[in-house]
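Report on the structure given below.
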Amino acid sequence: MAVKLGTLLLALALGLAQPASARRKLLVFLLDGFRSDYISDEALESLPGFKEIVSRGVKVDYLTPDFPSLSYPNYYTLMTGRHCEVHQMIGNYMWDPTTNKSFDIGVNKDSLMPLWWNGSEPLWVTLTKAKRKVYMYYWPGCEVEILGVRPTYCLEYKNVPTDINFANAVSDALDSFKSGRADLAAIYHERIDVEGHHYGPASPQRKDALKAVDTVLKYMTKWIQERGLQDRLNVIIFSDHGMTDIFWMDKVIELNKYISLNDLQQAKDRGPVVSLWPAPGKHSEIYNKLSTVEHMTVYEKEAIPSRFYYKKGKFVSPLTLVADEGWFITENREMLPFWMNSTGRGNGWQRGWHGYDNELMDMRGIFLAFGPDFKSNFRAAPIRSVDVYNVMCNVVGITPLPNNGSWSRVMCMLKGRAGTTPPVQPSHCALALILLFLLA
C-alpha cells in the first residue's frame, strides 16, 4: 500500500512541478523598432516567412510599449513584466545624483553597474538561478551581472548585428536546443530600428531590412523541422516599440532659445523625452519658462500622468519634457544626433524616432508566437509589453515573479492546459516530495 501511495505521490509531485510545457524549450526574438503595421495583412503577402509564422501560430493586433517608448525601458519591461517605475530602467540615458553616475544607452562603463539593473529580476536570471541553461545573442544586458547572476552564454552586443550575424545566431540557438545545451535562447536584432531611424519607417531601406529578417525566419521554420524540434520548441517574437517620422527641418525644439543651459545641473537624452535637473534655486524659473514652449509638455515629477507608470522611478528627474509626436527636443541644432551616412561624415539627418507617448499608434510594436503550446492561425486582441513576461514564464514552466502584466489578456493564445492557469507554485511540488520521503 505504501509503495502504491508513494508512486501516486511521485506522479503528483512531477505533475505539479511541471506544467505541460515545462520540458519544452523557448526561443525568443527581440526585433528592435518593429512597428505593428510592418506586418499588416497586406504587408504579409510579400513576407513569406512572417506569413507562415502567422498561419501556424498567434498574432496580436498590436503590442503597446511601456512609457517612455524607448529601448532600454522596454527591454526590461518585456523581461520582467514590470512597469518602468517598478524595475527602475526608466530611460536610455539616466543619471543618479547620489553617486554622480550615468547610464548612457549601455555604452559607458558605468552602465554595467548593478545600480541600474538590480531593480528587478529579468527572466533569464530567474531561469539561470533555477539551473536552466540560457543562451543569449546580442541581447543588451546579457553581459551584466544582475543580482549576482550571469546567463550560461552571452554573445555580447558590440556593434549593430548584421543579417549574417542574425542568421548565424538563429542556427546556433537551434543547435544548442538540439544538443541540450540550452533551455532558453534569446536573440536581439536591431537593423530594422536602425534603418527606420536613418531613413524613416516607410523607406525602402527599412523595408529591405524587414525582408532580410523575413528570409532568416523562413529558413528558421525549415531548420526547426530538420532538427526535429517542432514538438519541443516554442518561438516568441516581439518588439520593444514602433517608429514615427520626424522632421528636423521644421520640428525641432531648441532649449537654449528658452533657458540658459548653465542653469542646469544635468540634462539627459534628446528627442521625445528629455530629463532635466535644474541647478539649486533654478527649478521654478526653468519650469515657468519651458511651460510656455509649444509642441511639448514640461512635467514636474509629481505631475507626470499616472498612466505612464513612470513618476515613481528613483532615477526620474525633477523636470521631464515630453514632445508632441514628430517633434524633437535638443539643446540646440548643433547637438542633434546626426549619423555617419554615405559621405563618411557624421552629418546624416535622422528621419524616424520613437519614445513618444506610448499610446500613440506609431509607437505600437508586435507580438507573434508559434509552437506546441500556442494556438494555430489565431488572432488575439492587443496586449501590453508588461504581459509578455507571463507568457514566457508559462511556456518554460516557471512561476512568474510578482509583475504588472495581465494573465487574462494573454491566456487566450495558449492552447490546452497551458492556457488555463499560470505555472504552479513550487511549494506544491515540495509538499508532495516531503510526503513521499516520509512514506519511503
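Easy rule for this one: first residue shown is 1, then count along the chain.
Each Cβ is built from the backbone N, Cα and C atoms, and glycine gets one as well.
What Swiss-Prot lists as signal peptide is 1-22. The substrate binding site feature in Swiss-Prot is assigned to Asp32, Ser71, Asn92, Asp193, His241, His354. Annotation source Swiss-Prot lists Zn(2+) 1 binding site at Asp32, Ser71, Asp240, His241, citing similarity to another entry. According to Swiss-Prot, the feature active site, nucleophile maps to Ser71. Annotated phosphoserine per Swiss-Prot: Ser71, in sequence order, evidence recorded as similarity to another entry. What Swiss-Prot records for Asn100, Asn118, Asn341, Asn404 is N-linked glycosylation site. For Cys142-Cys154, the entry in Swiss-Prot reads disulfide bond, with the evidence type similarity to another entry. Residues or ranges marked as Zn(2+) 2 binding site by Swiss-Prot: Asp193, His197, His354.
The binding-site residues in question are His197, His241, His354, and the one with the fewest Cβ neighbours inside 10 Å is His197.
Closest to Asp32 (substrate binding site) by Cα-Cα distance, out of the recorded positions Asn118, Cys142, Cys154, His197, Asn341, is His197.
Note on proximity: of the binding-site residues Asn92, His197, Asp240, His241, His354, the one nearest Asn341 (N-linked glycosylation site) is His197, by Cα distance. In the structure shown, the C-beta of Asn404 has more C-beta neighbours within 10 angstroms than that of any other entry among the glycosylation sites Asn118, Asn341, Asn404. Considering only the recorded positions Cys154, His354, Asn404, the residues lying within 10 A of His197 (Zn(2+) 2 binding site) on a C-alpha to C-alpha basis are His354.
Looking only at the recorded positions Asn118, Cys142, Cys154, Asp240, Asn404, the one with its C-alpha closest to Ser71 (substrate binding site) is Asp240. Across the structure, Asn92 (substrate binding site) and Asn118 (N-linked glycosylation site) are spaced 16 Å apart at their Cα atoms. Ranking the disulfide-bonded residues Cys142, Cys154 by how many Cβ atoms sit within 10 Å of each one's Cβ puts Cys142 at the top. Between the candidate binding-site residues, Asp32, Asp193, Asp240, the densest Cβ environment within 10 Å is the one around Asp240. Comparing local CB density within 10 A for the recorded positions Ser71, Asn92, Asn100, the maximum falls on Ser71.
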